[in-house]
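Asker: Here it is, the structure, as structure tokens.
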Amino acid sequence: MAKAYDHLFKLLLIGDSGVGKTCLIIRFAEDNFNNTYISTIGIDFKIRTVEIEGKRIKLQVWDTAGQERFKTITTAYYRGAMGIILVYDITDEKSFENIQNWMKSIKENASAGVERLLLGNKCDMEAKRKVLKEQADKLAREHGIRFFETSAKSSMNVDEAFNSLARDILLKSGGRRSGNHSKPSSTDLKPSDKKNTNKCSLG
């Protein structure tokens, strides 16, 4: 029996508590949004399979499950990760400033050359914005990584961000190269048109 996928990529989301990591994972994996915050014990992950460059990619997306509050994210969490998404909240300047600390954590714990992506979440809360898009764009350029602003609430750019990272990993690992991979990947999965009224203030 043929495998249901061609590649398995382990992705991590890291960032300060409350920036919306869990909400982003649930939006990506289940196309759902819930503003009720339930802190999980230990490590949790969700799975979604996408098609990129004609390959079926199984994405195993890991959540820190609140560990960052206790500074207990260990090397074991980073082990085997092929891509890491650094998340901050555009309405929380401190969460953006701490991205540099998370970059340091990656350098100390993750495999050399792991693909990274910077993600500014809660862009549906423009009126409360504290971090300018230009600031994050500059930081991403300094580190040579991609940058997206997303909203787990509205689903804006969520698929695009995850698929872009998956495509970069695929190309790096010797997958089929497209004519232009500078754009975020397109997949067979369409963004949600659902409107939600809740805010993802935690996660």
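Glycine is no exception: its Cβ is also placed from the backbone N, Cα and C atoms.
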Asker: Can you dig out which of the ranges 63-80, 171-188 Swiss-Prot describes as motif 'Switch 2'?
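Answerer: Of 63-80, 171-188, Swiss-Prot gives motif 'Switch 2' for 63-80.
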Asker: Between the candidate ranges 16-30, 31-45, 106-120, 151-165, where does Swiss-Prot place the motif 'Switch 1' annotation?
Answerer: 31-45
Asker: Going by C-alpha positions, which of the binding-site residues (Ser17, Thr22, Asn121) is nearest Asp63 (Mg(2+) binding site)?
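Answerer: Among Ser17, Thr22, Asn121, Thr22.
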Asker: Tell me, by DSSP, whether Asn121 (GTP binding site) is helix, strand or coil?
Answerer: strand
Asker: Hey, does DSSP put Lys46 (ubiquitin cross-link) in a helix, a strand, or just coil?
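Answerer: SS state of Lys46 (ubiquitin cross-link) = strand.
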Asker: Please name the residue among the recorded positions Lys46, Lys153 whose C-beta has the most neighbouring C-beta atoms within 10 angstroms.
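Answerer: Result of the Cβ crowding comparison: Lys153.
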